[in-house]
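Trainee: Feature annotation from TrEMBL assigns transmembrane segment to 29-54, 63-85, 105-123, 143-165, 200-229, 241-263. As annotated by TrEMBL, domain 'G-protein coupled receptors family 1 profile' applies to 44-293.
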Amino acid sequence: MDPEAGTNRTAVTEFILLGLVENEELQSVVIVLFLFAYLVTVGGNLSILAAILVEPKLHTPMYFFLGNLSVLDVGCVTVTVPAMLGRLLSHKHTISYEACLSQLFFFHLLAGMDCFLLTAMAYDRFLAICWPLTYSTRMSQAVQWTLVAVSWACAFTNTLTHTIALSTLNFCGPNEVNHFYCDLPQLFQLSCSSTQLNELLLFAVGFIMAGAPVVLIITSYIHVAAAVLQMRSVESRKKAFSTCGSHLTVVCLFFGTGIFNYMRLGSEEASDEDKGIGVFNTVINPLLNPLIYSLRNPDVQGALWQVVVGRQSLT
């Protein structure tokens, strides 16, 4: 090992991201598709955010959390896709060690925030349907901001823990990452020191980050389902299931791909399967979220129409 590696704890100063495809013609297709997906994702999520801001009917806790989710989706896709497109256009597939750790830090910060925010949204639906008379008190603005602040604190603690733990590993070659962005499972495979503690940490913290929110979400929706089934009005049932259905769809997509990606310890090789999951986590989920929340929601659709045509008020 290089003598300087002992002081820096790493002989690798940069990684080579192999990307999604090796064929140059297919790379051109990837550039077009991902650029289009990025623009649609950013445009869609910012439109949702603008609709929530301009329409008074959407100034409710549910849409407050949805607005935060839109900001997270924009951030998540921006952390990974523009850098990938830049490497494809410049034909330079390297990323510095520091930039790789920074990308990993911000990606896990935003993904972790997603976990807790989706849990807060489930709690909001639980209060709105099961405790309607005291809902405004139990979900006051102070409570909303507290939930968001606690979510940021937990997500920051999670990503800082993983980033610091990763920085203690030695990387002395090879430095080829079989992915299009820096992530923990792929970097573990390149370390020339033991990653057993890092993998156990990923499993343990991941179990808390995913397991606790999933349990809370399931518990919330068990109570919600019981309350909805007791409603006499068919219209009330449809409205309740509509708002809850959108959220549950996003939860299943997000947690399903996340758990599959990070709970598989002991994998020897990065595969195309990992890249597919990465595309789902970083591009498809943020792209689908605005569609899922607006497709069957007349309030959001009306507000979006107001934003597009520039009307001052809705009838």
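Each residue, glycine too, has its Cβ placed from N, Cα and C.
Can you tell me where each of these features sits in this structure?
Mentor: The list of residues near the transmembrane segment (29-54) in space but at least 6 beyond its ends in sequence, with Cβ under 8 angstroms from a Cβ of it, reads 19-21, 63-64, 66-67, 70-71, 73-74, 77-78, 81-82, 84-85, 88-89, 283-284, 286-287, 289-291, 293-294, 300, 303-304, 306-308.
Panel annotation: around the transmembrane segment (63-85), residues 17, 19, 31, 34-35, 37-38, 41-42, 45-46, 48-49, 52-53, 95, 103, 106-107, 110-111, 113-114, 117-118, 120-121, 124, 144, 148, 180-181, 250, 281-283, 285-287, 289-290, 293 of the same chain, lying at least six beyond its termini, place a Cβ under 8 Å from a Cβ of the stretch.
Beyond the transmembrane segment (241-263), the same-chain residues lying 6 or more positions past its ends with a Cβ under 8 Å from any Cβ of the stretch are 62, 69, 111, 114-115, 118, 121-122, 125, 129, 184-185, 202-203, 206-207, 210, 213-214, 217, 221, 224, 228, 274, 277-278, 280-281, 285, 288-289, 292-293, 295-297.
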Trainee: Across the domain 'G-protein coupled receptors family 1 profile' (44-293), what is the average pLDDT of the model, as a whole number?
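Mentor: Summing pLDDT over the domain 'G-protein coupled receptors family 1 profile' (44-293) and dividing by its length gives 87.
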Trainee: Take the transmembrane segment (200-229) and find every residue of the same chain, 6 or more past its ends, with a Cβ under 8 Å from one of its Cβ atoms.
Mentor: 112, 115-116, 118-119, 122-123, 125-126, 129-130, 154, 158, 161-162, 165, 184-185, 237, 240-241, 244, 248, 251, 255, 258-259, 262-263, 265
